[in-house]
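Annotated features in Swiss-Prot:
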- 1-17: topological domain 'Mitochondrial matrix' (TOPO_DOM)
- 39-170: topological domain 'Mitochondrial intermembrane' (TOPO_DOM)
- 192-201: topological domain 'Mitochondrial matrix' (TOPO_DOM)
- 223-310: topological domain 'Mitochondrial intermembrane' (TOPO_DOM)
- 18-38: transmembrane segment (TRANSMEM)
- 171-191: transmembrane segment (TRANSMEM)
- 202-222: transmembrane segment (TRANSMEM)
């Protein structure tokens, strides 16, 4: 009984393959871009910082710092970028500036204190593997130093998120999946026709289709990761080109991230060894993918850019 259904299904997909490909591509793009289109309803709910059951409001100091970054980076319409207080220790962003919803930039609360203040985050409770970090211990002291950033490093990290959104990076990243899907489907059909597989045995076509699926996934992973890394490098390059202070801030920012990860690798034990490399880079979740550019590579590229500016 399944055979007639299978033949009807194959006939349907063969007849409407163009429409199915278009709908699938649009669906993939919509799924990947959804939280950038409505960041207030999706992204902010995930990253909003909370304290005592209430959302943490961004301080006047951080609002002033963010406006200063927008002015120094010469962003045209500053109202398109909306900052808010986010949890964590690094800035996050989502949204597209030219859309009505704009772009949200999440600024961590610890940015209220800088390396120059000498305060840092020692007054906050940080739990790692269910245990509170002792800020007076050697590991706690080094972690506190790694989490405290200078004003230049804070500016770099915020400008990086602004440039990432300003360059339409979310759209480019979301386009990788539908472009790969369309490319694989169209090329596989062309190769089938070229080799005459449509008139060949159905088993041979099945083996060919399975090979196309495997190669398609591998190609998507490589393409998506390459695009992601290129966007990371592009954002860093643009920010480093603003001024020498931004470039030096970028070097410090990535060095501090590497230092944080090395300390977390020690504090988290076996779990930390699976997440962070001895250098401080993130280990990929699987062996086939490297979604983000290594921090050491991003730092070294900024160093080279700084040398060219001198």
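Any Cβ shown, glycine's included, is placed from N, Cα and C.
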Could you give the residue numbers and ranges of same-chain residues that sit at least 6 residues beyond the transmembrane segment (171-191) on either side and whose C-beta is under 8 angstroms from one of its C-beta atoms? 17, 21, 24-26, 28-29, 32-33, 36, 96, 197, 208-209, 212, 215-216, 219-220, 223-224, 227-228, 231
Using DSSP, how many residues of the topological domain 'Mitochondrial matrix' (192-201) fall into helix, strand and coil, respectively? 7 helix, 0 strand, 3 coil
DSSP-assigned states of the topological domain 'Mitochondrial intermembrane' (39-170) in counts, ordered helix, strand, coil: 53 helix, 25 strand, 54 coil
For the topological domain 'Mitochondrial intermembrane' (223-310), residues assigned helix / strand / coil by DSSP: 63 helix, 2 strand, 23 coil
